[in-house]
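Taken from Swiss-Prot, the feature transmembrane segment applies to 5-25, 39-59, 72-92, 102-122, 134-154, 171-191.
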Amino acid sequence: MSEYLLLLVGTVLVNNFVLVKFLGLCPFMGVSSKLESAIGMSMATTFVLTLASILSYLVDTYLLTPFDLSYLRTMAFILVIAVVVQFTEMLVQKTSAALHRALGIYLPLITTNCAVLGVALLNVNEKHDFIESAIYGFGAAVGFSIVLILFSAMRERLAAADVPAPFKGGAIAMITAGLMSLAFMGFTGLVN
């Protein structure tokens, strides 16, 4: 039980996919200008990452490995992710049309979010079992969500702040992301 908790904490805080592994930077920078859309994107990404991790594990364990088709792993995982994203898009469209409009193009772009594919591939490379794969996917999603929501809240405050002209827009966003990354480095000694 404690190894599962360590895996979760390590994935969320210590080995954060955005700030440490630099995966998922496109939605991190693209959707983080408004807190409302960042929260919606976080929920959608959490659902997709967790479900894609579980399904990718099942596809790899029960289809690719037994038939010695590991060379198709990346394509199979991309197909699984695309199916999960389509399902998520239909679910979001049915439950919240406003959120679907707010997320716009970013919802289908979860398919190309390298964090989702990265989690699926790292699950296989680190030889996680079913429960560890689910925890790893959920932890990566929670870490992504925390960083995205914190960053969007800071960007909303920066939009109202008196920022010098050369630093407006993307420049101050990158500086803020760097400072956030430094803050998360404080968690490095938390999990061995």
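Just so it is clear, glycine is given a Cβ too, placed from its N, Cα and C backbone atoms.
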Contact yes or no, the transmembrane segment (171-191) and the transmembrane segment (5-25), 3+ Cβ pairs under 8 Å, gap 6+:
yes
Give the nonlocal contacts of the transmembrane segment (102-122) in its own chain as ranges (CB under 8 Å, at least six residues past its ends).
17-18, 21, 23-24, 26-27, 30-31, 34, 36-37, 40-41, 44-45, 48-49, 52-53, 56, 73-74, 77-78, 80-82, 85, 88-89, 92, 136-137, 140, 144
Same chain, outside the transmembrane segment (39-59) by at least 6, Cβ under 8 Å from its Cβ: which residues?
24, 27, 31, 76-77, 80-81, 84-85, 88, 91-92, 96, 99, 102-103, 106-107, 110, 113, 115-116, 119-120, 123-124, 128, 130, 133-134, 136-138, 140-142, 144-145, 148-149
State the non-local partners of the transmembrane segment (134-154) in its own chain: residues 6+ outside its ends, Cβ under 8 Å from one of its Cβ atoms.
4, 7-13, 15-19, 24, 27-28, 31-35, 37-39, 41-43, 45-54, 57, 115, 119-120, 122-123, 126, 128, 176-177, 180, 184
